[in-house]
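Chemist: Next up is a structure, given as structure tokens.
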């Protein structure tokens, strides 16, 4: 059977090769296609075999059935050449310059396979310089998938798209439709006004007549008054039309006196920094409308609003979230272990690393895996992830390790880098000025075999990726673990935890309300305002704190060492300038437990709203100041 299959394949190749030779030698030619006055001799049978359009043409009994020459209108000669080459050689030669014309020809000839290849090529090669052309091309021919994908890309990257020359060539009605939309991902309305003025100036003689209509769609009351004055000085055409002058004068009045009903904000203007309490258990958030057991709590400390995002534990994702980090480009990363179902299908247990898509898809996808360990820290610098220390199983023994592995997101590979100066587990890591700082944790002790096998660490270790080198910096006053850590105004805040004063020599440990603040420039620690009560992080190697707009927030935690204690559902705020803790929210719609607190810039439109019945029941969930 295998021999027959191979024989059929070779038979097909031989047939294709012979037909191609016949075309090149112009043997048995029975039709000539003409496009842009260029002639293409070929065979009706081949055309009809690949194209339903030509099959219908040659079998319908009309004039084309007997004509030797067939003129193709509105199709380029290059696209006909490319498609004929595909028919006769199975090679489709498309590139950025010809893909749209080839796609148009394939659409015209009803060649779905070729059109699909062109469509996928355009999706894969879409960027800010060409997405607008792809969008209007797709709309023109009715390619819904391509139109939807290019529209999403255009709207999401509009700030960058507006700086490219392609957008200056669109029609007035097309620009008008774009700038009417609330869904543009721009943070400042100034960029819309700038685009309108550049578009008009690109061909002022023909486009000035559209200025008033376009200007009405610019939300001028959202623009800085000084920017608007500069625009007037630089574009005298705004002063040559009475309607333009009226629009701008009304805008200045609106800027000075905020309206009762201000203009709608565009999508990008709503993006803000949120506290994300990632991970959850099956209890804690129940609603009569739906179960929120598969969602994670989010909180906007500025507006005091609650949102939810899908949890990485949902479905076939992670069974356990161990820790997480937000990268420099705002990518949200979590690491943990696979679900029991997936583990049963895997040969080995790994660290599973997932990332979140915050626009359009709203789901978690697997990024990579790493050699399994527990109680590790996860850090990031630029576009690299670092799995640091932890506890590994070596020859059936669990040992605390000092190894550090780096994952390059760009290159999709792992590399072992310089190890920690000591073995560590249950430690924390933060990034300041492109350097990693590893804080506290456990380290094994061998000197006193009759005592605890592990000692708490008060060390602060700094890693410089440019040197691949660790340095020990000034130690903390307390040796500790189960604390929270965050960076505020380039300083490291270490909050609460379990620990003891000085180096751990076996002295009594206690729950801490202590705040220690490290200044990297001066390499010194200072004492911060004590927390309202001793507080432990929810996980031994993850933080329950994050910084937003120069303020520090702690989202829940344990008030004691009892692991069965219910989470505190308060959010604490520390303003470094006031040097005082405030409770800014109580009874928040948080799960009974979560895994790691992260801070990322997200848009509320992409998030899940809170259940209305719980908002009604817990009317004070937004808290009090």
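For all residues, glycine too, the Cβ spot is worked out from N, Cα and C.
Pulled these features from Swiss-Prot for this protein:
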DOMAIN    29-96  domain 'BTB'
DOMAIN    131-233  domain 'BACK'
REPEAT    384-434  repeat 'Kelch 1'
REPEAT    435-490  repeat 'Kelch 2'
REPEAT    492-545  repeat 'Kelch 3'
REPEAT    551-601  repeat 'Kelch 4'
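So where do these features actually land, and what's packed around them?
Modeler: Here the domain 'BTB' (29-96) has, by DSSP, the following mix of helix, strand and coil residues: 31 helix, 13 strand, 24 coil.
Assigned with DSSP, the residues of the domain 'BACK' (131-233) fall into helix, strand and coil as follows: 79 helix, 0 strand, 24 coil.
Per DSSP, the repeat 'Kelch 2' (435-490) is made up of 0 helix, 30 strand, 26 coil.
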Chemist: Helix, strand, coil residue numbers for the repeat 'Kelch 1' (384-434) per DSSP?
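Modeler: Helix (H, G, I), strand (E, B), coil: 0 helix, 34 strand, 17 coil.
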